[in-house]
Amino acid sequence: MFVPLWDMNQLKRVKFQYVTIGLITINCLIYFIFETHLVLSSPASFVDALALKPRDVETMRAFVDHMPDQFRLVTYMFLHGSILHLLGNMIFLFVFGDNVEDALGHVRFFLFYVVCGVAAGVVHSIVTTSPDVPLIGASGAIAGVIGAYLMLHPNIRVWVLFQNPIIPFLPLRFSAGAVIGVWIAYQIICALYLTNHGTAWWAHIGGFFTGALLIVVMKRRGVPLFDSATGV
């Protein structure tokens, strides 16, 4: 697969991506302070209290009946299972988040991010075949950011680190449309054929399409969809 490194896409409407950097900072602080033994003697109990329990939201009736527990639809997206899990998610957010924040503005971007994460959690809870396994991670919310980026900047060039057996870490440049198209196709294929895998593929898919739809109605007036700029 691949890891995005950077894009050639300057900010046009905001001076700095405060919310994107803030989200990255919060995720990192929560992981290093609360999910390690730095502060808590039992980090697992902290994670268990805030992780999303799919069984609680797998039907709309259950969603209503367990409404007091639904704060987990937000808190789960700020937890991570390992340092690699955290870093992978934060890299994607760093590369793609700033330009989506630029298109939405700071406040709307934060709301957009949370809604995408909630939608990802609900989709996962409905589809999962393992409702007793807790869900954690920002990837569903970040998938929404990726979906929005595709709708905004499909032609922007993105540098990625391509993992392959010949040259393990090969930097290459592609259009965002190609990079994101391969990414979402991979998620869908894995969701259909890797049913016992530990990754929440359907959360990614749900977040992605939620973000792609939301950006259409939430973007600032005058921000174009499918911008032809390549960033070169």
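Glycine is no exception: its Cβ is also placed from the backbone N, Cα and C atoms.
Heads up, TrEMBL stuff is auto-annotated, nobody curated it.
In TrEMBL this protein carries:
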- 71-219: domain 'Peptidase S54 rhomboid' (DOMAIN)
- 16-34: transmembrane segment (TRANSMEM)
- 73-97: transmembrane segment (TRANSMEM)
- 109-127: transmembrane segment (TRANSMEM)
- 133-152: transmembrane segment (TRANSMEM)
- 172-194: transmembrane segment (TRANSMEM)
- 200-218: transmembrane segment (TRANSMEM)
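Under 8 Å from some Cβ of the transmembrane segment (16-34) lie the Cβ atoms of residues 40, 43, 46, 78-80, 83, 86, 89-90, 93-94, 97-98, 101-102, 106, 109-110, 113, 138, all in the same chain and six or more residues away from its ends.
Within the chain carrying the transmembrane segment (172-194), a Cβ under 8 angstroms from the stretch's Cβ atoms is held by residues 1-2, 4, 7, 143, 146-147, 149-150, 153-160, 162, 201-202, 204-205, 208, 230, all 6 or more beyond its ends.
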